[in-house]
Amino acid sequence: MSGLEVTLGNLHLKNPLMPASGTFAEQMTNYIDVNQIGAIIPKSITKHRRTGNPTPRICETKAGGMINSIGIQSEGLTYFKEKTVPFYASFSTPFIASVSAESMEQFAEVCEELGEMEDVDAIELNISCPNLKNNGLAFGMDPSVTYELVTRVRKVTNKPLIPKLSPNVTSITEIARACEAAGADILTVSNTFLAMSIDVHSRKPKISNIMGGYSGPAILPLVVRMVYQVYQATSLPIIGCGGVMTGEDAIELMLAGASAVQIGTASFVDPEAMITIREEMEAYMKLHGIKEIEEIIGGVLVHQA
């Protein structure tokens, strides 16, 4: 079925679905046809190789979902350019690189090099990851710092820039407006929620980093709220991220204002989740007589009974 195509600035996608950074690896191509999703986003890369946080890094929660603190494990920029990008270039699906860095200078350096690569279609700025003590969290929590960071990166590349916003802020709309003013093209809303879980028998935190990022179906209403707020506050296209397990979940984010949707935890449950969700979205469109999925973006009827 046609009609799932979406446009986000200069990015043209065959459908709105893509993996959330950190939830998709090359091995996933053994389970799904990557040409059937809207875009590819591998795990965030850093300039230099990182081993990540010590284990345990992940725990499940009784409320549903999981807490993770991977710590941006990365093979580094050189490996990414020489191995990762060429691998994904064999597919017809747009490729979005996700970048994390310890300083504004490193963000600019990495993005400048990626900006020179023809096979990189856009760059997501991981300014919001709650897993690193002195990394992305700080950049994504202060509007003035966010503005300066995006401005610096904007100067070194013409690739579409997609800051990934943190939900762990007082006002996500202030951060979104700062990104827009600095020249961002698209916004991802949002990253995981800072959380903690304790083993009541050992009295120890369940993950080694004590706190980590919470994801899963329970956060969907929170993400719907943030997408709606950012959609009202800026004119930038939005990629909704968080809590999507079904096609109707994805539709809900689009009704709130998202033009595309990232899938994360659902793919851990079922590697074919993105394909299933796409099929469920097609069924929804057929049921409601929707010819083009873009018709529903921001279509929530907030002033009608």
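Note: Cβ is positioned from N, Cα and C throughout, glycine not excepted.
Note that this is a predicted model, so its numbers are computed, not measured.
Among the features that TrEMBL reports, active site, nucleophile is placed at Cys129.
For Asn126 (substrate binding site), the count of additional Cβ atoms within 10 Å of its Cβ stands at 29 [all protein chains shown]. In this structure, Asn126 (substrate binding site) belongs to neither helix nor strand by DSSP; it is coil. Annotation comment: TrEMBL describes Ser21, Lys43, Ser44, Asn126, Lys164, Gly216, Gly242, Gly243, Gly264, Thr265 as FMN binding site.
TrEMBL lists Lys43, Asn68, Ser69, Ile70, Gly71, Ile72, Asn126, Asn191, Thr192 with the feature substrate binding site. In this view, Thr192 (substrate binding site) is surrounded by 29 other Cβ atoms within 10 Å of its Cβ, with every protein chain counted.
Here TrEMBL flags 4-285 as domain 'Dihydroorotate dehydrogenase catalytic'.
Within 10 Å of the Cα of Gly242 (FMN binding site), the following binding-site residues from the list Lys43, Ser69, Gly71, Asn126, Thr192 place their own Cα: Thr192. Binding-site extent for substrate: residues Lys43, Asn68, Ser69, Ile70, Gly71, Ile72, Asn126, Asn191, Thr192, maximum pairwise Cα distance 16 Å (rounded to the nearest whole number).
A strand conformation is recorded for Lys164 (FMN binding site) in the three-state DSSP classification. Summarising the environment of Gly264 (FMN binding site), the number of other Cβ atoms within 10 Å of its Cβ, over all protein chains shown, is 24. Per-residue pLDDT, averaged across the domain 'Dihydroorotate dehydrogenase catalytic' (4-285), gives 95.
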